[in-house]
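Database features (Swiss-Prot):
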- Asp6, Cys7, Gly8, Asn9, Thr10, Asn11, Thr12, Val13, Thr132: ATP binding site (BINDING)
- Gly107, Pro108, Asp109, Arg110, Thr184: substrate binding site (BINDING)
- Asp109: active site, proton acceptor (ACT_SITE)
- Asp129: K(+) binding site (BINDING)
Amino acid sequence: MLLAIDCGNTNTVFSIWDGEKFLCTLRTSTHHARTADAYFTWYSTLIKHYGIETDITDVIISSTVPRVVFNLRVFADRFFGCRPLVVGKPDCLLPVQPRVDAGTAVGPDRLVNAAAAYDRHGGNKIVVDFGTATTFDVVDDDGAYVGGVIAPGVNLSLEALHMAAAALPHVDIAKPQAVIGTNTVACMQSGVFWGYVGLVKEICARIKGERDRDMQVIATGGLAALFQQSEILFDIFEDDLTMHGLTVIHRHNKENGTV
């Protein structure tokens, strides 16, 4: 069985796979100081609660938070007796190497999304991931990651408004009833929601124009569904894209004898 771990700035997600069969997902908030023992206590408690029988033999990790990788490595080694693959490290092979400026460090989550998009849908794609940051990743015809765009995330933008302007409250993102808000909360929600609709449309249009071709747009991430239900912005919606990408990269390494 494979344990795939996606550690982002906000949440850490564990996904368990038996071959190609998905079994379950466990989610917790990301804490920089969480120990290997604490990970195991949380993990084993939930596995027991849900009545899931597991026999983990392999672990793969993608983390945008470098500080947590060490303890996740210890967790995998101590409790499952395996050396985990860590996306972005030299010993973790990618199906296709990224084509970006020499010396550029590409976020592992972006490499994982590119691998998943190509495996499921082929090349010539734009992947929009609504996470702590909103990222746009361009996947070439052969599956290579060739660059993209990083914009502030939706919730990050709302939080910045609240933190920087004393009179503005903390609000949650939602589709407003109208563009013109009649109270402060509605005005903030309208600005962020419709602002991001415009941002996605404009950036995707400019990427297509720069590459001089039409491209399918794939959406993933926690808030993608909100925008997909409200506006026709995407051709494909994949809520499990990143986790699928981790299984793709693990399979590639398995086939090449690195695990």
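Cβ atoms are placed via backbone N, Cα and C, with glycine included.
The structure, with features from Swiss-Prot marked on it.
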residue : record                 : Cβ contacts under 8 Å, 6 or more apart
Asp6    : ATP binding site       : Thr12, Val13, Ser15, Ser62, Ser63, Asp109, Val112, Thr242, Met243, Leu246
Gly8    : ATP binding site       : Thr30, Ser63, Thr64, Val65, Asp109, Gly131, Thr132
Thr10   : ATP binding site       : Ser29, Thr30, Gly131, Thr132
Gly107  : substrate binding site : Thr64, Gly88, Thr135
Pro108  : substrate binding site : Ser62, Ser63, Thr64, Val86, Val87, Gly88
Asp129  : K(+) binding site      : Asp109, Arg110, Asn113, Thr135, Asp137, Ala219, Thr220, Gly221, Ala224, Leu241, Thr242
Thr184  : substrate binding site : Ala167, Leu168, Pro169
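Take Gly107, Pro108, Asp109, Arg110, Thr184, the residues named in the record as contacts for substrate: the widest Cα to Cα gap among them comes to 38 Å. In the three-state DSSP classification, Thr12 (ATP binding site) falls within a strand.
Each residue in Thr30, Thr64, Val65, Gly131 lies on the same chain as Asp6, Cys7, Gly8, Asn9, Thr10, Asn11, Thr12, Val13, Thr132 and has a C-beta within 8 Å of the C-beta centroid of that ATP site, without being one of the site residues.
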